[in-house]
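*Asks:* Annotated peptide binding site per TrEMBL: Gln128, Cys129, Gln130, Pro258, Phe259, Gly260, Gly261, Met262, Glu263, Arg558, Ile559, Lys560, in sequence order. According to TrEMBL, the Zn(2+) binding site annotation covers His287, His291, Glu310. TrEMBL lists Glu288 with the feature active site, proton acceptor. Look at TrEMBL and you will find Tyr377 tagged as active site, proton donor. The domain 'Peptidase M1 leukotriene A4 hydrolase/aminopeptidase C-terminal' annotation in TrEMBL covers 456-602.
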Amino acid sequence: MYDPSSSANISEATIDHFSLNWTVDFCKCQIFGSVVLSVRIIKPTDKIILDSRSLEITNIKLDNEIVDYHVKNADILGEKIIINVGKRNDGDKFNLTIIYNTGEKCSALQFLKAEQTVTKTKPYLFSQCQAIYARSIVPCMDTPSVKQSYDAVVAVPSDLICLMSAVAVGQPEEIGKMMKYSFKQPIRIPSYLLAIVVGLMERRDFSARCAVWAEPTVIDKAFYEFAETEKMLQTAENLVGKYEWGRYDLVVLPSSFPFGGMENPCLTFVTPTLLAGDRSAAYVIAHEISHSWTGNLVSNANWEHFWLNEGFTTFLERKIIGKLKGEKERQFEAQCGWEGHLMGAVKEQYSDDHPFTKLVLDLRNKDPEDAFSSIPYEKGSALLMILEQQLGATPFNEFLKKYIEKFAQKSIVTDDWKVFLYEYFSDKKNILDKIDWNNWLYDTGIPKTKPQFDDTAMREVVALAEEWANMTDSEIMNIDNKKYLSLSALQKEKVLSYLRLEKGSSLSHVKLARLDEVNKLSKTGNCDILSSWIQLCLKNYWKDIIPVAFDFVTQQGRIKYVRSIYRDLFQWSESAGRAIELFRKNAPSMHPITVSIVAKLIPK
């Protein structure tokens with residue numbers, strides 16, 4: 001067993017279960033408490049090595065006896081806790097009880113002051129453990145190759161609500177000024193799926209098993225935006241089998257949440273940037289629902305094989321959209337993924353020969369966060385789409401079901417998937433052998449072949465983009481917004497990204513100003529469209545967009561947007577100085593993960 005992103009001795013021991021007992025302290029912005037780890041030895045050893053990051057350990061007990069331990073620095077991986085457990089043999093089981101608290105610089109947690117929330121009346125806390133941040137809230141084997149069940153008892157201020165990536169057990173118990181919540185997650189999960197949120201929240205039910213939580217002033221918007229959650233979940237079940245997790249709830253987090261969504265079991269975290277008002281961004285929920293099978297049930301064994309989580313999930317997400325909105329919509333989303341997200345990541349975020357553009361990565365001595373991009377999502381789903389087209393949609397869908405059945409509650413690497421693919425389609429080996437596996441899995445850049453797409457919707461995108469690009473400054477003054485308004489939200493965003501990727505910095509400022517005036521691009525409520533518009537204008541050095549860009553990166557913290565916009569602001573002399581100053585001013589209220597990523601973009 002191998003994971004370059006963990007210091008734990010996972011070839012010698014594993015954790016079957018852990019029990020948390022936490023108290024959330026909003027005054028100190030820390031969690032205090034304990035964890036009981038149920039350890040099982042799989043190879044003779046005299047020590048247990050756990051991952052940690054800035055944790056403050058009080059003591060460690062082995063079956064109620066205090067044991068010796070020491071903590072060593074592990075560079076980008078944080079620290080490792082080496083615990084002396086005496087001579088242990090294969091099959092031995094024991095409990096380790098660790099009394100500890102989180103450090104002041106806990107990378108998995110963000111404590112928000114009341115004024116940083118929407119309602120501005122109560123403080124808020126949320127976690128983000130993917131990829132290697134669980135070690136900053138609990139000493140653990142912080143690798144997806146180790147899966148464990150868990151239970152938790154959490155005490156929080158009595159005027160706040162606590163939720164976790166688990167099912168609530170019983171009713172909360174009020175003890176003085178604190179409320180004690182109990183949770184149980186019976187399905188074994190990797191550490192990165194441990195999650196907690198504490199704040200002033202209300203709940204609205206979509207169905208008997210689906211609900212949304214949000215701050216009181218946001219709950220009505222959230223309930224409207226995500227109304228199709230149960231329908232999406234049923235569609236996913238029809239494609240890949242029964243939903244195993246009991247509840248599927250959503251919680252809309254404050255704007256500093258760094259991702260579009262996080263697939264925490266039983267409780268998906270979502271960004272408020274999805275609240276577009278027209279359900280145009282709700283596709284993210286289809287993605288997070290899909291993770292309930294691909295990622296959460298079947299997990300990548302380490303982050304070098306992240307595409308097994310995200311490529312499969314993106315593929316399944318689009319299958320759900322195809323069932324709900326039609327195959328043409330699915331095809332268009334897939335084409336946008338290839339021509340926008342994949343090509344954009346290769347050309348703008350990295351380069352054609354950058355090692356992080358491979359599907360299977362080498363993360364030795366690397367922070368997996370540095371390799372985060374749309375490449376595992378889009379290159380991975382494109383490979384699956386090619387296989388579907390070569391092998392047939394119905395047979396490939398049956399394969400997906402069997403793949404999930406075979407590897408459910410396991411953690412795998414790419415070779416595990418590929419071997420099973422060849423076993424399942426043993427009668428179609430000649431088709432599989434025609435796939436250039438080395439190019440897809442291990443080469444950098446854009447793959448040599450791509451899926452076949454129904455390009456009806458894309459032709460409309462290209463036609464309007466080319467029309468705008470080819471107009472003179474005087475001709476552009478005569479346009480109206482009818483053609484633009486006739487497009488879907490995704491098409492609108494792709495018009496702008498097409499102009500950025502294909503036309504570069506060839507658009508005049510007169511043209512940009514007129515497009516903004518007619519189409520109200522700087523005022524759109526759809527963050528995908530606004531982000532694309534800002535990036536297009538920055539690429540064309542239009543000064544009028546700078547205040548819009550500054551406002552956007554200040555108001556929300558989704559990495560997908562913030563990284564690209566800050567990168568472009570830092571690279572333009574007109575905006576660089578002010579952008580760096582703005583970032584440093586905003587950093588204390590931003591999520592630690594976002595701060596780390598953006599800080600690396602500042603020119604040396």
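Every residue, even glycine, has its Cβ placed from backbone N, Cα and C.
Given the structure is predicted, the values throughout are model-derived calculations rather than measurements.
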*Asks:* Around the Zn(2+) site formed by His287, His291, Glu310, list the extra residues of the same chain whose Cβ is within 8 Å of the site's Cβ centroid.
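*Replies:* The answer, listed by sequence position, is Gly261, Glu263, Glu288, Ser290, Thr294, Gly295, Asn309, Phe312, Thr313, Thr314, Leu316, Glu317, Tyr377.
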*Asks:* On a C-alpha basis, identify the one among Gln128, Glu263, Glu310, Tyr377 that is nearest to the residue listed as 'active site, proton acceptor'; the candidates are the recorded positions.
*Replies:* Glu263
*Asks:* If one measures from the C-alpha of His287 (Zn(2+) binding site) to the C-alpha of Gly261 (peptide binding site), what distance in angstrom results, rounded to a whole number?
*Replies:* 8
*Asks:* Whole-number Å only: compute the distance from the Cα of Glu263 (peptide binding site) to the Cα of His291 (Zn(2+) binding site).
*Replies:* 6
*Asks:* What is the one among the binding-site residues Gln128, Gln130 whose Cβ has the most other Cβ atoms less than or equal to 10 Å away?
*Replies:* Gln130
*Asks:* So, three-state DSSP: helix, strand or coil for His291 (Zn(2+) binding site)?
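*Replies:* Looking at the DSSP assignment, His291 (Zn(2+) binding site) belongs to neither helix nor strand, so coil.
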